[in-house]
Every structure is written in C-alpha cells, then in structure tokens.
Amino acid sequence: MKEYHRLSVAPMMAYTDRHYRYMMRLFTKRSLLYTEMVVGTTITYNLKSDFLDRVLGFDPIEHPIAIQLGGDDPKVLAPAAKVCEDYGYDEINLNVGCPSDRVQKGRFGACLMKEPERVAEVVAAMQAEVSIPVTVKHRLGVDDVDRYEDLCRFVEVVRQCGNHIFIVHARKAWLKGLSPAQNRNVPPLRYEWVYQLKKDFPDLGIIINGGIGTMDEVLEHLQQVDGVMMGRAAYHQPEQFTRADELVFGEPAQVPMGEAALIEAMNRYTQEQVALGTKLSFVAKHLVGLFKNRRNARRWRQEISKLIQQNPKHFDLAQIYRDAFLSEPKAG
C-alpha cells in the first residue's frame, strides 16, 4: 500500500479524462486519480500510432495516476501494461467490476469474478512485465456467485499471484437484467462485507468503493479499511476535495485555492488545449457542475453550456465567473 491509496477517484467512462484529472489536481495533490478504462487491445493494436498518445498521454501534474485496463488475455494485457509503465503511470488496475454488455462480450469486467484463476493469470502476466503495482477492482459477487465465501475465494485465488491490493465495489453485479447505471444503485450496498474482508485478510490492502459521497463518509470508512475510492460524488462535487489533503493525508491546513484562482488556472489550461486542437467542449463540460450550492450557480451553468454550444475561438472563463458571481446587481 502506498499513502495515496487512502483516497482515490474512481475510473469512470466519459468522466475521468485528462481534462477532468487536471482540474481535480487543483483541488487535491495527494489523492490517486484514475483514467477511464482502456481496453488492452486499444494499446497493442496502436503501438506505432499517434492515436496512442491521445489515449495514454497525461500532464505531469496528474501524478499520482493509475490507468485501468480491461481485458482477459494475458498475452495482450502484459505488453499493454508495459506500454503504460513506459508512459509514466504510477500503477495499473484491472477492471473486474464493470457489468456492461459491451464489456461482457469481450469477456472482461465483472464476468471475470466467475473465473478467479483467469484473473490471477492475467495479473501475474502483467506483474512479470512491470515494476509498478498492479491492482484489481471488483464487485462483491456476480449473479448467483454472491456468497461471502465466494468473495473470499476470489480474493484468496487472486492474491496467490502476488496481488496485494483489492478495490471492492460494495455491491454485487447482475450481468443480465440491469443496466450499468442500475448496477450502481439497485444491488444493495454491503459495506460490512468489505470490513470483514479486511479482518479476514489483514495483510492485504482493502479499498472500499460504492455510494460514498462526502469526506465525512471517507473518514468513517478509513476506520475500517485501508483506503476509500469515491466515484460519482467526486465528479459532481469536486470542491469537497479541497480539504482532502488535510483531512485524509494529514497535510498542514492551508488556505485552499480560491474559486477565482481556480477558474483562472482552468481558463489558461483550456486556452492552451484549444490552441493544441482540443475541442472546447471536451474541457468545458467538466466545469458546468461547479459551484452547485452558490447563489447564481444557474447563471454559471447556462453561460458555460452556451460556450460549449457556440464553440467560439476566443473566450474568457474567468470573465464568465466574475459576471456570474462577483458582479454587483444593478440598482433599480
């Protein structure tokens, strides 16, 4: 376990891209950030392509950063892991938790919980190729393989390959009948199973995930397990990470970056990215949900949404912020 495992932001498709991660680094320097899931063949089929830089590239400010890989073939994932290490990632995570139909057709994600030996084989192959940590993110169970004893067997088998860190989404997954969104909410949370897993495997690093929404909840879970992974709440309320370094990592209390300074930083970053050919919407979409609880937050959302639709060559996010929150209301 590394210290940054105490708090992480979950890998989320269509959310945790490099632009979101850059913004999150303005809130927290210590939390572990994750990429979106990348399928192993996306890497191995594009080894000499500029496309690979677009998929794997990241800003140095994003460290510590983990990449999540999807797949079930050790002959694909081992060389893919090596490429990721060469790109500078701090660790690699194997997706054994996603229940989507597309992922199942590729024989990876949550369906692999039924094949712990295969997971162990894949992890061992990746570990043989890299010197950085390889971790596994999984569910409590899948379909009818959902007893606590089944969970323990999965962990016991996979640990034999040398994997020591398990990130546990505290729900089971249904491979049929529920959408990925429903699988994040319908199966009941069983935090007590994850707590018990830590007691039964005290030498392993156990990180809890699922339905965790506030820093107070993070601190409560840290009394039972080694780390906490926050998902949707980290995306929709990133401002709460302003105190994460102090509360979770014991950093001396500091005056957090103010809202205006944060928007100035994101304005510079967005302009740089657009100059490099990035679509404005790819960056600006992550700003829409900021300042939810502020007076005039609606005006901010409307102006950023308008910016995304119009896609102008010249823009000033800082001015939009000042107009929304700092302008004095006109008399009369």
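Each Cβ is built from the backbone N, Cα and C atoms, and glycine gets one as well.
Any TrEMBL annotation is an automated prediction that lacks curation.
Summary of the site annotation: TrEMBL records FMN binding at Pro11, Met12, Met13, Gln68, His169, Asn209, Gly210, Gly211, Gly231, Arg232. Screening the candidates Lys48, Lys114, Lys137 against this entry identifies Lys137 as the one listed for that site. Per Cα geometry, Asn95 is the residue among the recorded positions Asn95, Cys98, Arg184, Arg298, Arg301 nearest to Lys137 (FMN binding site). In sequence order, the recorded positions near Gly211 (FMN binding site) (Cα within 10 Å of its Cα) are Arg184, drawn from Asn95, Cys98, Arg184, Arg298, Arg301. Comparing Cα positions, Arg298 (site 'Interacts with tRNA') lies closest to Arg232 out of the recorded positions Met13, Cys98, Asn209, Arg232.
Around Met13 (FMN binding site), the same-chain residues six or more apart in sequence whose CB sits under 8 Å from its CB are Glu36, Met37, listed in sequence order.
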